[in-house]
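According to Swiss-Prot:
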MOD_RES   PHE9  N-methylphenylalanine
TRANSMEM  9-29  transmembrane segment
DISULFID  CYS130-CYS143  disulfide bond
Amino acid sequence: MLKQVQKGFTLIELMIVIAIIGILAAIALPAYQDYVARSQMSEAFNLAGGQKGAVSEYYSDKGVWPADNAAAGIAATVNGKYVNSVVVSAAGTNGVITATMKSTGVAKGVQGKTLALKGTANDGSFSWECSSNADAKYLPSSCRNAATPTPTP
(Lines of atoms letter the chains of each structure in order from A and count residues from 1; the text may use other names and numbers.)
(Lines give C-alpha, C1' and ligand atoms only; values in the text may rest on other atoms or scores of the structure.)
Protein backbone atom coordinates (compact mmCIF):
# COMPACT_ATOMS: atom_id res chain seq x y z
CA MET A 1 0.00 0.00 0.00
CA LEU A 2 1.24 3.49 -0.90
CA LYS A 3 1.04 6.38 1.52
CA GLN A 4 -0.86 9.45 0.41
CA VAL A 5 1.23 12.64 0.38
CA GLN A 6 -0.47 15.48 2.16
CA LYS A 7 -0.52 18.76 0.23
CA GLY A 8 -1.15 22.31 1.47
CA PHE A 9 -0.35 24.30 4.57
CA THR A 10 -0.70 23.15 8.14
CA LEU A 11 -2.78 25.08 10.62
CA ILE A 12 0.29 26.39 12.47
CA GLU A 13 1.78 27.73 9.22
CA LEU A 14 -1.44 29.60 8.46
CA MET A 15 -1.56 31.03 11.99
CA ILE A 16 2.03 32.29 11.68
CA VAL A 17 1.23 33.99 8.36
CA ILE A 18 -1.85 35.66 9.87
CA ALA A 19 0.22 36.86 12.86
CA ILE A 20 2.85 38.35 10.53
CA ILE A 21 0.16 40.12 8.49
CA GLY A 22 -1.33 41.51 11.71
CA ILE A 23 2.03 42.87 12.86
CA LEU A 24 2.69 44.50 9.48
CA ALA A 25 -0.79 46.06 9.48
CA ALA A 26 -0.28 47.41 13.01
CA ILE A 27 2.87 49.17 11.82
CA ALA A 28 1.58 50.34 8.42
CA LEU A 29 -1.83 51.69 9.43
CA PRO A 30 -0.65 54.53 11.72
CA ALA A 31 2.02 55.49 9.17
CA TYR A 32 -0.64 55.64 6.46
CA GLN A 33 -2.96 57.72 8.66
CA ASP A 34 -0.13 60.21 9.28
CA TYR A 35 0.55 60.35 5.55
CA VAL A 36 -3.11 61.13 4.83
CA ALA A 37 -3.16 63.89 7.48
CA ARG A 38 0.05 65.41 6.07
CA SER A 39 -1.35 65.42 2.55
CA GLN A 40 -4.54 67.11 3.77
CA MET A 41 -2.58 69.71 5.73
CA SER A 42 -0.47 70.45 2.66
CA GLU A 43 -3.66 71.64 0.95
CA ALA A 44 -4.00 74.29 3.68
CA PHE A 45 -0.37 75.34 3.17
CA ASN A 46 -0.81 75.55 -0.61
CA LEU A 47 -4.07 77.52 -0.44
CA ALA A 48 -2.62 79.96 2.11
CA GLY A 49 0.63 80.21 0.18
CA GLY A 50 -1.29 81.03 -2.97
CA GLN A 51 -2.47 84.26 -1.35
CA LYS A 52 1.02 85.53 -0.44
CA GLY A 53 1.47 87.31 -3.78
CA ALA A 54 -1.77 89.30 -3.49
CA VAL A 55 -1.09 90.20 0.15
CA SER A 56 2.52 91.23 -0.60
CA GLU A 57 1.42 93.29 -3.59
CA TYR A 58 -1.19 95.09 -1.49
CA TYR A 59 1.46 95.97 1.10
CA SER A 60 3.85 97.16 -1.62
CA ASP A 61 1.17 99.45 -3.08
CA LYS A 62 -0.45 100.77 0.12
CA GLY A 63 2.24 100.45 2.80
CA VAL A 64 -0.16 98.59 5.12
CA TRP A 65 -1.34 95.01 5.29
CA PRO A 66 -4.82 94.18 3.92
CA ALA A 67 -7.55 93.90 6.54
CA ASP A 68 -9.47 91.12 4.78
CA ASN A 69 -9.78 89.02 1.63
CA ALA A 70 -11.63 91.74 -0.29
CA ALA A 71 -8.95 94.35 0.44
CA ALA A 72 -6.28 91.92 -0.76
CA GLY A 73 -8.23 91.39 -3.97
CA ILE A 74 -8.89 87.71 -3.44
CA ALA A 75 -12.17 85.81 -3.29
CA ALA A 76 -14.24 86.28 -0.14
CA THR A 77 -14.49 82.50 0.13
CA VAL A 78 -11.34 80.46 -0.42
CA ASN A 79 -11.69 76.79 0.49
CA GLY A 80 -10.74 73.33 -0.68
CA LYS A 81 -11.60 69.69 -0.28
CA TYR A 82 -10.13 69.62 3.26
CA VAL A 83 -9.81 73.35 4.01
CA ASN A 84 -12.84 75.19 5.39
CA SER A 85 -11.55 78.73 4.85
CA VAL A 86 -8.55 80.91 4.06
CA VAL A 87 -8.74 84.37 5.63
CA VAL A 88 -6.44 87.38 5.23
CA SER A 89 -6.03 89.82 8.13
CA ALA A 90 -3.68 92.44 9.50
CA ALA A 91 -2.05 91.92 12.90
CA GLY A 92 -0.04 94.95 13.96
CA THR A 93 3.01 95.20 11.72
CA ASN A 94 2.30 91.85 10.06
CA GLY A 95 -0.05 90.45 7.48
CA VAL A 96 -1.58 87.09 8.34
CA ILE A 97 -3.08 84.44 6.08
CA THR A 98 -4.94 81.80 8.09
CA ALA A 99 -6.19 78.50 6.68
CA THR A 100 -8.64 76.52 8.82
CA MET A 101 -9.19 72.81 8.24
CA LYS A 102 -12.69 71.33 8.07
CA SER A 103 -14.09 69.57 11.15
CA THR A 104 -15.41 66.57 9.24
CA GLY A 105 -14.15 64.57 6.32
CA VAL A 106 -10.50 65.07 7.26
CA ALA A 107 -8.00 63.04 9.27
CA LYS A 108 -8.62 63.18 13.01
CA GLY A 109 -5.24 64.78 13.78
CA VAL A 110 -5.97 67.87 11.66
CA GLN A 111 -9.72 68.39 12.19
CA GLY A 112 -10.43 72.07 12.84
CA LYS A 113 -6.71 72.93 13.05
CA THR A 114 -5.33 76.18 11.66
CA LEU A 115 -2.21 77.05 9.73
CA ALA A 116 -1.12 80.69 9.67
CA LEU A 117 1.42 82.44 7.46
CA LYS A 118 2.63 85.67 9.06
CA GLY A 119 4.20 88.11 6.62
CA THR A 120 6.83 90.67 7.57
CA ALA A 121 8.14 93.40 5.26
CA ASN A 122 11.94 93.67 5.11
CA ASP A 123 13.24 96.54 2.94
CA GLY A 124 11.43 95.61 -0.26
CA SER A 125 11.15 91.88 0.35
CA PHE A 126 8.90 89.79 2.53
CA SER A 127 9.48 86.87 4.85
CA TRP A 128 6.72 84.49 5.85
CA GLU A 129 6.65 82.60 9.12
CA CYS A 130 4.46 79.55 9.37
CA SER A 131 2.69 78.53 12.57
CA SER A 132 -0.01 76.02 13.36
CA ASN A 133 -1.87 74.46 16.25
CA ALA A 134 -1.55 71.07 14.52
CA ASP A 135 1.13 68.60 15.52
CA ALA A 136 4.41 69.36 13.69
CA LYS A 137 4.46 65.88 12.14
CA TYR A 138 1.44 66.87 10.02
CA LEU A 139 2.98 70.09 8.67
CA PRO A 140 4.78 70.33 5.33
CA SER A 141 8.57 70.36 5.80
CA SER A 142 8.81 73.92 4.47
CA CYS A 143 6.39 74.99 7.19
CA ARG A 144 8.54 73.55 9.95
CA ASN A 145 11.21 76.19 9.26
CA ALA A 146 10.93 79.54 11.05
CA ALA A 147 10.69 81.87 8.05
CA THR A 148 10.91 81.60 4.29
CA PRO A 149 11.72 84.73 2.27
CA THR A 150 9.39 85.71 -0.54
CA PRO A 151 10.53 88.26 -3.13
CA THR A 152 8.46 91.36 -3.70
CA PRO A 153 5.99 90.73 -6.54
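Backbone N, Cα and C atoms are what each Cβ position is placed from, and that goes for glycine too.
Note: the Cα of the residue listed as 'N-methylphenylalanine' and the Cα of CYS130 (disulfide bond) are spaced 56 Å from each other. CYS143 (disulfide bond) falls within a helix when secondary structure is assigned with DSSP. Take the CB of CYS143 (disulfide bond) and look out to 10 A: across all protein chains shown you find 23 other CB atoms.
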